[in-house]
Amino acid sequence: MSLREPNAAPDPSRRRADAVGWLRSLFLDLTLPPEATDDDLRAAVANGRLLCALLRRLLPGALLDDAATDNVGRFRAAIQRMGVPTFSAYDLERGEMSAVVTCILALKDRFSSRLGEDHRSSSFLTRCESEGGRRNMEGKLQRVLTSPIMSEPYSPSFGGDAYSPSQVFQPKHGYSDLPGSKFSELMKSSSLENSPTQSLLGVVNSILDESIERKNGQIPYRIACLLRKVIVEIERRISTQAGHIRNQNNLIKAREEKYQSRIRVLEALAGGASGQIHGEKDKLEGKGQLVEDDMARLMQYEEDLVRLMKEKEDMVMLLKEKEDMIRLLKEKEDMVRLLKEDVGDLNNDKVQRLLKERDATVVRLTQEKEDMIRMLKEKEDIIRLMNDKEHMVDMKDVAVEDTQCTTDENKDRLLKEKDDVVVRLTKEKNEIVVQLTKEKEAMVRLLKEKEDIIRLMKEKEDRLNLAIHKIEDRKQAIDDDRDRLIKENNDALSKLTSEKAEIVKLLQEKENLIRLMKEKEDKSDLKKGYVEDTKHSTGEEADRSIKEKGEIIRLTKEKEDYRNTIMNLKQEFESLRSSYEERCKLLESKKEDVVKLVADKEMNDNIVLQLRQQLEATKKFHEAETKEKEDYRNINMKLKQEFESLRSSYEESSKLLESKKEDVVKLVTDKETNDNIILQLRQELEATKKLHEAETQQLETKAAKVNKEFEQRIKEIELMLEDSTKRRRELEESTESRIQFWKQKEIVVNKFVGLQVKNAQELRLSSVSVRLEIQNCQKRWFEELAGLGQNLKMVTSAAEKYHATLADNRKLFNEIQELKGNIRVYCRIRPFRPWEDEKSTSVEYIGENGELVLSNPTKKGKEAGKNFTFNKVFGPTATQDMVFNDIRPLIRSVLDGYNVCIFAYGQTGSGKTHTMMGPENATEKEWGVNYRALNDLFNISHDRRDTIKYELGVQMVEIYNEQIRDLLGTGGSQKNRDPEYHPAQWTCSS
Ligand SMILES: Nc1ncnc2c1ncn2[C@@H]1O[C@H](COP(=O)(O)OP(=O)(O)OP(=O)(O)O)[C@@H](O)[C@H]1O
């Protein structure tokens, strides 16, 4: 056993340092968290941890640790926040306890008053503060300091007989002058156990007072031992009392809870019947709630449907507008065609371009129309799906609970799809608006071109009119020529006819002349014959015949003249004839020309007629076009106005643009880069498009699957609907029967409730009485706690001197050990075994103080008997408990930090194993030293678990033939172990 060096006489600085250390370790024991709150402190105080820690510090061997400083800081910070009077670090440094104690008491008082308001609270301090309220801290401290326990060493009412502990604890001349026998009486554990707590506290107080007054702070060793024993006993009592209070508290708590639960059960029974009756109602209301939820969802769907329908109508309107535009374009196309026919190759290129543009526009519009139709179809599909969904929701109303999850999922999916479609449609709508704007611009452009065309048409018309005028002039000229030619021809014909008539007349005259001449010739011939006849006859006749002959010669000459003239006339006739023929030929040729001209004229008339018709048609068209033109002009005016506004905005924007030209340049560069990015993005878009298409296909397949599932689900729901209708009927029937049953039950329950209410009232009365009892108990506890507080003060005052006393104690302990001897030897004499002869005993005398006299019958005289002295001798009748009682303080010393070794020695069969271990299959009563020591070790370490953490270890070794073997180790061989040998040795380290 190792002993500590006795300390020198404690000086004031040492005592102060010890006090500081003690306080620090006290606060360390509190184990407050870094951010200590009111609740933490309250819990610490309410659980008695603070008080326990304070008391624990009184125990010997407590370790002091400077690490408690943090806890001191936290503690002070927490109590400062609470407004409780605190202490300064300087107080601790000086070892001043009053400020600290005031603080702790104020804290206790604060929490006690708070906790006292809560009757259900079972905390330690709640019970102690049931009356009085908060008191002044200084007054309290004063009361504690001036308590009778502090002033009186013990209560004179204790004790009666000579061995009464009260008498023992009431020395006449102080403890220092106490005789040895009295002192050993005091040291007896039975005396301490039988003494009242106040006496023990009085002992501590008076010892300390005495040591301070008489011995200048020095305490004799044996008194220090006594003090230590007394403090251990006080600690034990406080801990057991705390345990009792805790148990009682738990018991009361359990009883209160039991009563509370019974009251609750009764109240529940009272309210349960109506609750059960209204249970079904609640369920129905729950279903109603579900239906309301579904109605809300349906309303949402309807709103969505209305919105979609509106969008659809807008789309239809747009389509109509597009169709109108297409119609207008067709009309325009017809117009252009007409113009094309009219104008011919005049503006062929332009018309071709326009036609191409028109074709492109028509194709684009057709595509847009197809897209719109496609979107409308999609919308219709969505609406159809939503209708289906609505239908399904209607169907699901019947089996809401089963299909709720799937409906929600589908709804979410549909809503998501709907949102996607709406977003897509909005995008497309925006695109369409942009396209329409572009088309409007194109229309404006087309109108301009149309105006150009109209202008050209006017020019063409003017030219046409000019040409018509020319043709008419030409026709007039041709008519004039023709008339002139006809006149000339007629003149020539009349002239020729008159000439012919003259010629014919001349010819007739010539012929008459010729005929006359012939007649004359004939007459001349006849006259010649007659003259010749008459010549012969008459001479006269000869003269006349000469005359007549002259006349004949003249006539012959005339005849020849006439002949020549005829010949000339014939020649002239022939020439006239030839000229006539030529003229006829000329006339015929002219006639042909005239015919041609007439044909031409007729053709020209036809052409003119056609041109007039065309002109009329053109005029009509022109009128229609003029109307359109006016419309267009109006539109144009509007457009111009818009254009003007746009122009003004454009000018403004152009100004802005000019100001931002540089930015634009930058933007252009950015645009180029963006174009590249867009190109890349387009490529990505195409890739995404492909992916999207693939996904669309997948989605379509999925949609088909989902449709199938929906169909199956609808079938299932139909079946479920049938089932549910059946169930509903059954439920209605069962509900009716249940209602009747519950009505009957209500009557029974009402009766039962009446009874139970009576019982509850009785129970309430009893609970009131229990509460009163509890309050009485609380009062008692408070009184006890008040006493404890007083004791605490006393203990505190004792604790101030504790460390000095502890040092003295250690010194005294060493002295006792020296006096007793570090090695104590006890002798135990085992009883005779059944087969042994009791008469052959050699034990002559067993003394109280360890004397043993043995007799040796074989020898005589002085050697016949032999005296031995041990620390104590246990006779054959000594029990295991009696043996261990003498060893027990050593076990406690082990836990106080001293080294102890206990071992048994003796010959074979002398009872070593019996003493150390006990018999085989020993009961608790028969346990040997080992069992009891270990039991004590565990119990004490368990009791001290809040303050000291012990580590217990066991080692088993065998010493045989001077060889040590570890019996618990794995290395040693177990072969040679003697089964008869039981090692009776153990060590314990703490
Ligand atoms: N105090 C006792 N009361 C009753 N019986 C006892 C007592 N002491 C010893 N015995 C009995 O005596 C016998 C021998 O005792 P034990 O085995 O303890 O001796 P031992 O000293 O351990 O012997 P060994 O050294 O051979 O192991 C046992 O049967 C035991 O029950």
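Cβ coordinates are placed from backbone N, Cα and C, and glycine is handled just like the others.
In TrEMBL, the annotation coiled coil applies to 552-590, one of the ranges 240-278, 396-434, 552-590, 903-941. Given the ranges 174-201, 622-649, 846-873, the record in TrEMBL names 622-649 as coiled coil.
Other Cβ atoms within 10 Å of the Cβ of Gln907 (ATP binding site), summed over all protein chains shown, number 7. Along the coiled coil (552-590), the predicted structure has mean pLDDT 78.
All protein chains considered, the CB of Thr913 (ATP binding site) has 18 other CB atoms within 10 Å.
The ATP site is set by Gly906, Gln907, Thr908, Gly909, Ser910, Gly911, Lys912, Thr913; from the centre of their CB atoms, other residues of the chain with a CB within 8 Å are Arg830, Ala904, His914. The Cβ neighbour count for Ser910 (ATP binding site), using a 10 Å radius and every protein chain shown, is 14. The DSSP secondary structure for Gly906 (ATP binding site) is coil.
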